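So that you can see what the record holds, here are the features copied from TrEMBL:
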| type | residues | note |
| --- | --- | --- |
| ACT_SITE | 232 | active site |
| ACT_SITE | 298 | active site, proton acceptor |
| BINDING | 230, 264, 326 | Zn(2+) 1 binding site |
| BINDING | 264, 299, 536 | Zn(2+) 2 binding site |
């Protein structure tokens, strides 16, 4: 097999050997690719872009030369030679990158390469292809494509294995209220054994196992990294699904994997594990200790899982510096990251009034009082929702209010007594409060407008999560340059060659709140772009390729956050004081 380094050297030098080398390389490409070389690698794209840039630089050098003809010719040759050398070096770097890639086609980058190619060819075909540099860039494109294609079967087999393990996890029915905790724990411990990770099972409530994995770092004094996910999922209605919700059906035409938990959030738990598998295979050892927690009960509040864990002595001894947890899918190209979340206030409002005959008209009946409040609440909800629709605020930045039930009437064996006005009526509300809201003002609104005692009304919180942490600060993690953790996370995500959207407030709630409440920095991130948001929905799915891409992203994240750097050096210095 002809080495690309040989090709770079020969073509750069020019001469009689060039045509022979090009011919041999062409045969190789055809043999490996089966034709034209459509397997585009990132390094090839960089070479093509370098081609356009250097050609322009070369033209500028030629155009700006003036003065004496002999001097001009000498300067022109010198400038051209310098540009030529720079080009060859740039392409050589690109070749090295391309030959180490595992292959695969990147459509958008391939299109970009073709556009560059067309632009160059349009300038002057004869001049262009008389340039040794341009012939070199085209040849490098072919050779790198061939190298990528040769590695493609191995990469494809690896991706198939990763998808297979994901689907195996999805087939474990962990739907509330009777999740197969034992099956999930056994699967996760088996994966930990295969990866050489330390594993233990904790129970803060009987029958609710929390699986904790550990990858020791070389600098144990550094604050650790905790990767959290939950094993439980919400129930599914099989008759309303196109495929059984726990079959993990892979659609051969679309590549979609249909399963409850495919987005929320078994995907992220497995992406943690698969990223570590890749890092270990590459010989990477973290400087920080890395923990993975698989908690049991996020879908029913998380108090016995993440809540108990966050307040335990075990968590205290782990010295966690940063926690990562779930985010949301993104219908667009940008990946979403969350630095806080709305706090759930589950509210019951009750109205009372005198009972009476169904034929009489009464002022101040229980139903009348309740419906007045429901209308006031509806207007408030509409005003908040309008801010989102107008693009003034994101969904996570407004107070959301949803009616979850209405209850009134006197039951009878056949339904309700139809000629009796009830003495009590109540409504249940799911209120979500953003961390930047004024909770005192909202509670005053509830007492004075939604459930005023002047109309014989009362209210009760079934759950009321504070918007402040244990130190009296808003429960958010700074997502700007003031927070070194954010800087490292942002850099690691961008190194994975993906677009990152503006940091957001999560519109619902996750287990991350239990750790933020204790002052632990936490971000929510589920790498799912170009994906409809289907958590808790019928036919929840995640595309196989998007899942595999998420592994690559978490590989970059874990490598970046767990490696020793200036931030880690500062942390270690503080720990020694």
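FYI, residue positions are counted from 1 along the chain as it appears here.
Positions of Cβ are set from backbone N, Cα and C atoms, glycine also.
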Candidate with the highest Cβ count within 10 Å, taken from the binding-site residues 230, 536: 230
Recorded positions clustered about residue 536 (Zn(2+) 2 binding site) [Cα within 10 Å; pool: 230, 232, 298, 326]: none
Neighbourhood of residue 326 (Zn(2+) 1 binding site) by C-beta distance under 8 A, where only residues 6 or more apart in the same chain count: 229, 230, 264, 265, 268, 510, 512, 524, 525, 526
Pairwise Cα distance for residue 232 (active site)/the residue listed as 'active site, proton acceptor' [Å, integer]: 7
Structural state of residue 298 (active site, proton acceptor), classified by DSSP into three states: helix
Residue with minimal Cβ packing [other Cβ atoms within 10 Å] among the recorded positions 232, 264, 298, 299: 299
The residue listed as 'active site' - helix vs strand vs coil (DSSP): coil
